[in-house]
Ligand SMILES: [Mg+2]
């Protein structure tokens with residue numbers, strides 16, 4: 001005789017993919033700039049003056065050679081990276097995402113050494129499934145070398161959107177999206193090269209765009225290319241609040257259709273602070 005006792009199968013948690021830009025998104029700095037700003041003022045000035053005139057990754061490779069010639073060691077670079085500002089609320093948000101069963105990836109135009117060192121300094125490297133960025137390594141003498149993620153030996157990616165020749169973030173996020181079946185994809189970024197990945201998301205997905213910076217400008221120029229809901233944030237506390245809202249389906253924060261590109265969420269003028277200028281040349 002069959003049992004009449006009803007069994008309750010717990011509902012599986014939604015499977016979410018979080019993908020993050022790094023500079024001015026997870027951290028409150030540009031890691032490439034931070035290193036030179038704190039270790040060699042002259043090279044920092046050269047970095048700023050050369051930005052936009054030569055390819056950014058190639059520029060870092062050349063300047064890192066100059067930094068090495070000046071006697072800057074691996075330890076100097078690692079110590080400097082450990083001082084990059086990383087807001088506690090951002091770390092809390094990342095831990096919350098991971099604790100809810102989400103997969104976390106970093107998709108960045110920095111490099112593997114900078115990102116790994118910074119994540120390890122905060123003991124959060126284990127939160128991320130993978131870091132997708134320009135490969136870097138110290139050689140035996142302690143000189144840091146960085147090369148393009150999408151190397152010159154490969155066919156150009158020819159992305160029609162504003163991606164850099166060394167990295168089409170849209171192409172890379174698409175591979176992650178296609179790798180599994182996700183209930184929701186969330187992309188977080190701030191710069192021009194974060195626009196292409198934002199266009200790869202669907203209408204149930206979310207773009208977390210840093211307010212007043214160049215990603216917002218791109219979305220405002222071509223909002224019809226972004227199907228996902230766009231949430232604007234200013235600081236890590238906003239990201240933590242948005243993360244709570246994402247994991248609490250009844251939260252009003254994600255229910256109003258007008259959340260996408262509402263006037264209230266869009267500043268009238270995109271900021272022209274020095275941060276934006278640096279971001280503009282990198283991405
Ligand atoms: Mg960025």
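The backbone N, Cα and C atoms fix where each Cβ goes, glycine too.
Site annotation for Mg(2+) in TrEMBL covers 21, 23, and the matching candidate from 190, 205, 234 is 190. Under the three-state DSSP scheme, residue 190 (Mg(2+) binding site) falls in the coil class.
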